[in-house]
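S.K.: Sharing a structure below in structure tokens format, with a few things to ask.
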Amino acid sequence: MAGGGEPLHQSLFRDITPYLCYILLATAVGPLQFGYHLAELNAPQDVITCEKKSATSSALHPSLPQCISMNTDQFAVVTSIFTLGGLVGALIAGPCCTKYGRLLTMRLTTTVFVVGPIFEALAPSISVISIGRFISGIGAGSSLVVGPIYISEVAPPKEKGFFGALTQIMVNVGILLTQVLGYFLGRDSMWRIILGVAGCIGLLQLFLLFLVPESPKWLAEHNDPQTARAILRKIRGRKEDLEDEVAAWNVDSSAEDISEEESLLSAPPGTHPGPNPKASSESVGIFSAIMHPSYRPAIIAVIAVMFAQQLTGINSIIMYSVSLLSTLLPTTAALLTVAISALNLFITTLCAPLSDKIGRKTCILLSIAGMGTSAILLAVGMSYGVKILAAIATLLFVASFAVGLGPVPFILSNELVGPEAVGATQSWALAANWIATFIVSQFFPILNKALGGQGRVYYVFAVIAAVFGAFIAWWVPETRGKHGANEVWGRKEARERVE
């Protein structure tokens with residue numbers, strides 16, 4: 001149920017407008033790019049690394065080699081360097097979107113998404129494809145910081161959990177898209193087309209963002225509440241009551257200034273006439289946030305959840321499933337990977353309203369429990385050669401991830417701290433995410449090999465799931481239905497407001 005006993009679907013259809021749909025989808029192309037680049041090397045791995053070299057030796061261009069010879073360790077570096085770029089992008093994007101705005105940061109991010117794939121698609125060597133992957137990673141890291149913040153700030157307040165899941169839904173769309181392309185184009189030098197498509201998607205988003213406005217909440221916090229209100233009116237529609245949402249900005253937007261709203265509605269998206277001296281905002285930097293006792297518990301919470309999201313092993317499936325399962329399922333590994341991606345997208349979309357119904361923390365704990373159990377089943381299935389158990393366990397593993405650990409972590413940063421620290425907290429969260437992703441992408445093949453293969457590494461993931469599940473149950477608060485960070489953490493200010 002969504003606020004006041006009203007069914008979620010009724011509230012959703014009432015609150016959504018065509019313009020809101022447009023700006024949400026245009027923004028969510030950034031997370032789509034993250035998913036695309038994350039999985040783009042999975043299906044064509046053997047072709048790219050010359051493991052499977054075509055006898056015809058065909059190439060898209062005479063100056064480009066059909067494949068780039070590399071061993072397992074070199075391929076792990078090419079795969080994982082994307083995550084180092086993501087770490088850089090995440091650290092840059094937080095301060096940038098706080099100081100210069102969500103819209104400018106998204107536009108700069110999109111240009112990076114165009115440049116990276118050019119290097120990747122035209123790479124003649126390991127070093128050039130690595131540079132391209134690093135640049136694409138910068139864009140991905142930035143998009144996962146600014147995208148969820150923007151979506152949370154323009155989404156209707158009662159459906160923030162539902163729309164917050166849009167980030168992970170679009171990540172899964174990107175993963176599915178690249179897996180499907182890999183299934184059909186994973187031969188000869190066609191893998192270059194797979195890598196180049198991401199640049200075309202980047203160009204598309206750049207054009208889409210010309211009609212996207214700056215975040216109303218950011219404008220209100222940066223001394224322009226009237227333009228913020230005008231943009232919010234355009235997003236919500238003329239009949240929607242904005243008073244509660246505007247009041248939550250905690251800035252002066254008095255009724256006498258509302259007459260300015262109509263003239264501002266026709267202004268080009270992303271423009272505003274200048275600051276209003278009656279409003280003020282003071283943002284918190286990355287290091288100031290971690291040092292401040294009010295923000296530190298929230299940062300520890302989001303770091304723990306992001307570590308849990310990655311160190312429970314989801315990207316071992318997303319990045320390496322074809323090579324991982326090919327020994328056990330040689331004829332169906334690539335097709336099973338496409339099915340895994342489709343299931344991930346379906347379950348994430350189906351469970352999008354769940355965090356608004358049963359709570360963010362409950363979804364995360366259910367997800368961790370499911371992944372830990374599935375990891376044990378997958379290890380048993382692969383170790384003892386039980387093909388059907390391994391296939392089912394892989395699907396359950398991904399489905400469990402989609403219930404909570406996939407979508408919910410991207411929502412928490414906006415709900416555990418006040419607006420002045422959202423950018424810093426999101427940067428810490430995504431930095432943790434990228435470090436954990438790097439650890440999995442770089443060391444999973446090495447650890448799997450050291451343990452003798454056959455899926456024994458998933459026993460390690462099961463233990464990690466148990467540890468993080470216990471810590472999250474103890475430390476991370478529930479945020480569903482709470483009004484602001486003070487109420488989430490049970491601080492004095494919230495208790496006094498209730499009394």
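From the backbone N, Cα and C atoms, a Cβ is placed for every residue, glycine too.
I grabbed these lines from TrEMBL:
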TRANSMEM  19-39  transmembrane segment
DOMAIN    23-480  domain 'Major facilitator superfamily (MFS) profile'
TRANSMEM  75-96  transmembrane segment
TRANSMEM  108-128  transmembrane segment
TRANSMEM  163-185  transmembrane segment
TRANSMEM  191-212  transmembrane segment
TRANSMEM  298-322  transmembrane segment
TRANSMEM  328-351  transmembrane segment
TRANSMEM  363-382  transmembrane segment
TRANSMEM  388-412  transmembrane segment
TRANSMEM  424-444  transmembrane segment
TRANSMEM  456-476  transmembrane segment
S.K.: How about long-range neighbours of the transmembrane segment (191-212): same chain, 6 or more residues beyond its ends, C-beta under 8 Å?
M.R.: 22-23, 25-27, 29-30, 32-33, 36-37, 40, 44, 47-48, 60, 64, 103, 106-107, 110-118, 120-122, 132, 136, 139, 178, 181-182, 185, 269-270
S.K.: Could you check if the transmembrane segment (424-444) is in contact with the transmembrane segment (108-128), meaning 3+ Cβ pairs under 8 Å among residue pairs at least 6 apart in sequence?
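M.R.: Contact between the transmembrane segment (424-444) and the transmembrane segment (108-128): absent.
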S.K.: So what's near the transmembrane segment (108-128) in sequence-distant terms, Cβ-Cβ under 8 Å and 6+ beyond its ends?
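M.R.: Long-range Cβ neighbours of the transmembrane segment (108-128): 30, 33, 37, 63-65, 68, 70, 74, 77-78, 89, 93, 96, 134-139, 142-143, 146, 192-193, 195-199, 201-203, 205-206, 209.
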S.K.: At a C-beta cut-off of under 8 Å, are there same-chain residues at least 6 beyond the transmembrane segment (163-185) that contact it? List them, or none.
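M.R.: Cβ under 8 Å, 6 or more out: 24, 28-29, 31-40, 42-44, 144, 147-148, 151-152, 155-156, 191, 193-194, 197, 318, 334-335, 337-338, 340-342, 344-345, 348-349, 351-352, 355, 402, 406-408, 410-411, 414.
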S.K.: When you scan the chain for residues with a C-beta under 8 Å from the transmembrane segment (328-351), skipping those not six or more beyond its ends, what do you find?
M.R.: 39, 42-43, 165, 168-169, 172-173, 175-176, 179-180, 182-183, 186, 317-318, 321-322, 363, 382, 385, 387, 390-391, 394-395, 398-399, 401-404, 406-407
S.K.: For the transmembrane segment (456-476), could you work out the same-chain residues 6 or more beyond its ends whose Cβ comes under 8 Å from its Cβ atoms?
M.R.: 297, 300-301, 304-305, 307-308, 311-313, 316, 361, 364-365, 368-369, 371-373, 375-376, 378-379, 382-383, 412, 444, 447-448
S.K.: Counting only residues 6+ away from its ends, which parts of the chain sit with a Cβ under 8 Å from the transmembrane segment (75-96)?
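M.R.: Distant contacts of the transmembrane segment (75-96): 34, 37-38, 41, 45, 48-49, 104-105, 108-109, 112, 126, 129-130, 133-146, 285-286, 319, 423-424, 426-428, 430-431, 433-435, 437-438, 441-443, 445-446.
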S.K.: Within the domain 'Major facilitator superfamily (MFS) profile' (23-480) only, compute the mean pLDDT.
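M.R.: The average pLDDT of the model in the domain 'Major facilitator superfamily (MFS) profile' (23-480) works out to 87.
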S.K.: In the same chain, which residue numbers or ranges, 6 or more beyond the ends of the transmembrane segment (388-412), come under 8 angstroms Cβ to Cβ?
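M.R.: Answer is 144, 148, 152, 160-161, 164-165, 167-169, 171-172, 301-302, 305-306, 308-309, 312-314, 317, 321, 325, 328-329, 336, 339-340, 343-344, 347-348, 351-352, 354-355, 360, 362-371, 373-375, 377-378, 380-382, 429, 433, 455, 476, 479.
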